[in-house]
Amino acid sequence: MKIGIIGAMEEEVTLLRDKIEKRQTISLGGCEIYTGQLNGTEVALLKSGIGKVAAALGATLLLEHCKPDVIINTGSAGGLAPTLKVGDIVVSDEARYHDADVTAFGYEYGQLPGCPAGFKADDKLIAAAEACIAELNLNAVRGLIVSGDAFINGSVGLAKIRHNFPQAIAVEMEATAIAHVCHNFNVPFVVVRAISDVADQQSHLSFDEFLAVAAKQSSLMVESLVQKLAHG
């Protein structure tokens, strides 16, 4: 099995990249892909850049050039579920855009024409992630993750997301674009991220302070998940 892993920022991939053995680097379209073995399992780790376009471009390049069997999206996220704290884990069962609006033509809010309203994560990947969470004794929430090209740190943006997606557990800037590409390629995906901030008016300060904590927790989870998928 070859496992594709996608993170947006340097801080979100560096811990995993440093553990890849026999590492080779591929630079394509502004993205970097690191291939090799993580604890004996073949992986391709993508640093995509921030935002939906960068994530979709990178995911497409990763799928075309490296042909992974599954995709794990890692990194940080802003917490929406009330129980979440910095360092806690969120696992997607679905991903949706929070900044797409074609409702004038009868689509659901967040749905694009020709696409489902939401992109469902793979049940087996979710189960494997939840098994890892239990083994690592981490706090985690599973549910809807929403994405858009905005860092949410104000009451207006937060209120809009809560109104349109009251069930959402976390918000970030890439996951749904990656899920969209995986849907088109028919490749299973799951989003496994760690909370860096709570999406409020101070979230930009929290993000800067706690990004390293989130990166460490999400990398720990991904490393465990890779082992679980490869060896059961």
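Note: Cβ is positioned from N, Cα and C throughout, glycine not excepted.
Annotated features in Swiss-Prot:
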- GLU12: active site, proton acceptor (ACT_SITE)
- ASP197: active site, proton donor (ACT_SITE)
- GLY78, ILE152, MET173, GLU174: substrate binding site (BINDING)
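A Cβ within 8 Å of the Cβ centre of GLY78, ILE152, MET173, GLU174, the residues given for substrate, is found for these other residues of the same chain: ALA77, SER147, GLY148, ALA150, PHE151, VAL171, GLU172. Note on proximity: of the recorded positions GLU12, GLY78, ILE152, GLU174, the one nearest ASP197 (active site, proton donor) is GLY78, by Cα distance.
GLU12 (active site, proton acceptor) counts 28 other C-beta atoms within 10 Å of its own C-beta, drawing on all protein chains shown. The most densely surrounded of the recorded positions GLU174, ASP197 is GLU174 (count of other Cβ atoms within 10 A of its Cβ).
In this structure the residues listed as binding substrate are GLY78, ILE152, MET173, GLU174; their two most distant Cα atoms lie 13 Å apart. Under the DSSP three-state reduction, GLU174 (substrate binding site) is assigned to coil, being neither helix nor strand.
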